Amino acid sequence: MAALTIATGTGNWFSALALGVTLLKCLLIPTYHSTDFEVHRNWLAITHSLPISQWYYEATSEWTLDYPPFFAWFEYILSHVAKYFDQEMLNVHNLNYSSSRTLLFQRFSVIFMDVLFVYAVRECCKCIDGKKVGKELTEKPKFILSVLLLWNFGLLIVDHIHFQYNGFLFGLMLLSIARLFQKRHMEGAFLFAVLLHFKHIYLYVAPAYGVYLLRSYCFTANKPDGSIRWKSFSFVRVISLGLVVFLVSALSLGPFLALNQLPQVFSRLFPFKRGLCHAYWAPNFWALYNALDKVLSVIGLKLKFLDPNNIPKASMTSGLVQQFQHTVLPSVTPLATLICTLIAILPSIFCLWFKPQGPRGFLRCLTLCALSSFMFGWHVHEKAILLAILPMSLLSVGKAGDASIFLILTTTGHYSLFPLLFTAPELPIKILLMLLFTIYSISSLKTLFRKEKPLFNWMETFYLLGLGPLEVCCEFVFPFTSWKVKYPFIPLLLTSVYCAVGITYAWFKLYVSVLIDSAIGKTKKQ
């Protein structure tokens, strides 16, 4: 707090927040890391040791390169720094290699790349409406947003304990959003195009970008009622946008097109042979669907409606990533999830087209695209919830309704990440960090909107408080029961299903809010 006090007086409070979280990241260096640590070490080795023609074919390790080319080049650049730390980490055949120098290099590379995220957060803070400015520094929307983003619990544990490089990728996304708020549309489009070629999961929010840029940049004027003035369409602008996307894509995919390897690259990026859900079900609609199928199958067996010999052998809770058949409900195909996702996204896209509401409307649409894809996508990872939580953070300091949705989404979504850290030493760390972040989020947003109605109703409060007993049950009670051996998947099942309820509720509540705002806007115009 001393650093923050000094920073308040000099106006450098943002630097103090950034420095503080960086020190925390350094303290987390010795903690547990997941298999993703080996994944990225292997990618360093592949890009450093092999010619580009072999990058997307190399399969010595099961952790093959399955990110777009820009990320592969990023690993290539890192590898030329890594060789000064430990040359052995760059050997393709050194599977599961993890020396102390390798650990330090990979951990510090994540921390260093977060510089882009810090800069993007600063740019986003410049876009925040300053109407609700409190007397105290800690009550200012910009300060609250800075803490919500820089100290985001999910990003901390996923990148700096579990191990991934999400920080600088989200930095690109937030910087792109900031540029659109600043009406620097070409820069925003360029940054997002670059981002897509770093990690293709951001395709989930591409519809929001495409529609917003077409509606608000390529059409230069509206009619008095807010509808499109078709004659204002600018061919120059749409060609400029197309050229930006084309050039970025050509730079990324061009070398592999020249090598006639695009089919191989895309087969790595989109492995549809994986199952509907990850080993640990992401808390989405399909988790509820799978749970219902399990319940119906148990009831069917008890009532002898089902033949035990006809029950599929592949278990959805076995911890294996595989395809499986549902027992009672219809099995779900990749095409079915795509259709469900498109149907879920369309209403928000229509609202953005017919009632743009400026950059804020774009941001709400982007969040809904991210959430809808999380809810209905194929083989969704639990970490993908951050794609909705981070942009929702920007909305949370603007309106009380959005703050309420954000708190439900972020608390539930962050808790759903707990199974990523399953080792005993990390248990107190994840509980303490989440408690601190959650308490701060709720208290700061309640203070910001203290003149408005309470952020939670009794049902929402009861649900969020239920996460406490759930954690006690899963971590401290279940391990001492006889069910631990026979039903080891129950804690994961309970966590996934319970969190799926909260995330589904937040998604539905945000959708209702967007549709109502759109309808009210049309009524006012009339």
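The backbone N, Cα and C atoms fix where each Cβ goes, and this holds for glycine too.
For 4-24, 103-122, 143-163, 188-208, 238-258, 334-354, 368-388, 389-409, 427-449, 461-481, 488-508, the entry in Swiss-Prot reads transmembrane segment.
In this chain, the transmembrane segment (143-163) lies close to the transmembrane segment (389-409): three or more C-beta pairs between them fall below 8 angstroms, excluding pairs fewer than 6 positions apart. The stretch from 334-354, 427-449, 488-508 that makes the most Cβ contacts under 8 Å with the transmembrane segment (461-481) is 488-508. Between the transmembrane segment (488-508) and the transmembrane segment (368-388), the number of CB pairs under 8 angstroms, six or more residues apart, is three or more, so the stretches are in contact.
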